[in-house]
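In what follows, a single structure is set out as structure tokens and then discussed.
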Amino acid sequence: MMGENAATKNHHHHQVSDLSIEMPPQQGLSKCFDDDGRLKRTGNVWTASSHIITAVIGSGVLSLAWAIAQLGWIAGPVMMFLFSFVIYYTSCLLTECYRSGDPITGKRNYTYMEAVRSNLGGVKVKICGTIQYLNLFGVAIGYTIAASISMMAIKRSNCFHESGGKSGCHLSSNPYMIMFGVVEIFFSQIPDFDQIWWLSIVAAVMSFTYSSIGLGLGIAQVAENGKFMGSLTGISVGPITETQKIWRSFQALGDIAFAYSYSIILIEIQDTVKSPPSEGKTMKKATLLSVIVTTAFYMLCGCMGYAAFGDQAPGNLLTGFGFYNPYWLLDIANAAIVIHLVGAYQVYCQPLFAFIEKWASQTWPKSDFINKNYKVPLPGLRAFNFNLFRLTWRSVFVVVTTVISMLLPFFNDVVGLLGALGFWPLTVYFPVEMYIAQKRIPRWSTQWICLQTLSLACLIISVAAAAGSIAGVVLDLKVYKPFKTSY
């Protein structure tokens, strides 16, 4: 049973939850347990918002100035507003799918896949699971690349400062990717999604820190230039060919889609929220708050970055300000990115970890290696549940993502491709189809036609963005040598 109960709590609670799922709702009967027999959820609007902001205001924000440079002053901001509206609307549809039947007492769907199974069923469940978990795997690679770029930027800025710009300061990204991987192996041992709320809040604060610095430096650069750079239609044909202009515009759409994508973990976040009020109400508030905050930040960072650099806007905004003064401020910003990505990596990977562990537990129920927990006492803290399978498989996962990152360190193209591949199916198609099935919206009714039109338009954007990003990767591979020692 692929993906069932993927966001399960640690194995200590398996027996409780598996025996209790079929029980009738018993809300209010216990102060310790929810209606499904699990320990009471404690999440609220603020923790849910911090999870979403951690997932959304990721490294994607740094590529938005480049994306707007490809599209120009008209199409760039318009596309960002359109994406924010679509994300908010489809996320509200998706929150309705957390419970099947009654929105307050209906059966809970713990994961995105389970929601698809309850509402659509059939082969769509496997298609959804494949796309979702491949996307989560890809995000881990993208975040490893982004973290190494920021760590290299700190090292290079200090190197430039010390040598007065005389040294070339060539570095390899590989040691930094390995360092990031080692840190992630450590944090990956946190057993459950609901136990990383503190990491999410730290990461959300960090995302505001580096976005604010990028915004401030953009404003300062505009003031220094004495004018707003850029044009209404974006980067002009001349430095690049017409074909490149088209591919880059498509890739820019993928970058914007990636910057907004968090639907793939929305149900998992909703499963951490307490009730009453109903989880759907709480998540709609958290979604609205998060989308408003992120759109405001994205518009400011993307537009000020484009205004500062015009057609020369870099793929990563913070690397565009050079390595000179205020070099310490850029160091703080890049350090904040690294800390944020440590948390964001976990927010995205915990659902994937839980899915594999649940599947392994069901496949080999008698294996001590997979199912046995060892209590490790921690001074001043509660005992930590140590599990050999969790230690082994999560460590292998981090190692594999790190090695792939070392082979393909193209931040912009990887970001665009991930955004394109995950956007339509997970953010639009499945939420729309599940909502239609759940609310029994009649075929060819006005609402049905509007929803299907939205889905078709987003499919066209996704295909175009994927094509643009693949073209970018192909161009990069022509000049790239794997494991090259300096950049």
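Yeah, the Cβs are placed from backbone N, Cα and C, and that goes for glycine too.
Annotated features, as they stand in TrEMBL:
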- 42-474: domain 'Amino acid transporter transmembrane' (DOMAIN)
- 48-68: transmembrane segment (TRANSMEM)
- 74-98: transmembrane segment (TRANSMEM)
- 133-154: transmembrane segment (TRANSMEM)
- 196-220: transmembrane segment (TRANSMEM)
- 286-307: transmembrane segment (TRANSMEM)
- 327-348: transmembrane segment (TRANSMEM)
- 391-411: transmembrane segment (TRANSMEM)
- 417-436: transmembrane segment (TRANSMEM)
- 448-475: transmembrane segment (TRANSMEM)
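Nonlocal intrachain contacts for the transmembrane segment (417-436), taken as residues 6+ away from its ends with a CB within less than 8 angstroms of a stretch CB, comprise 60, 86-87, 90-91, 93-94, 96-97, 112, 115-116, 119-120, 124, 127-128, 131-132, 134-135, 138-139, 142, 253-261, 263-264, 448, 451-452, 454-455, 458-459, 461-463, 465-466, 468-470, 473. Below 8 angstroms of C-beta separation, residues 43, 47, 50-51, 53-54, 57-58, 61-62, 65, 187, 190, 272, 297, 300-301, 304-305, 307-308, 317-318, 321, 329-330, 332-334, 336-337, 339-344, 346-347, 350 of the same chain, each at least six residues beyond the ends of the transmembrane segment (196-220), sit close to that stretch. Listed stretches 74-98, 286-307, 327-348, 391-411 were compared with the transmembrane segment (133-154); the greatest number of C-beta pairs under 8 angstroms is found for 327-348. Under 8 Å from some Cβ of the transmembrane segment (327-348) lie the Cβ atoms of residues 51, 54-55, 58-59, 62, 136, 139-140, 143-144, 146-147, 150-151, 153-154, 157-158, 160-161, 180, 183-184, 187-188, 190, 196, 199-200, 202-204, 206-207, 209-210, 213-214, 217, 264-265, 318, 321, all in the same chain and six or more residues away from its ends.
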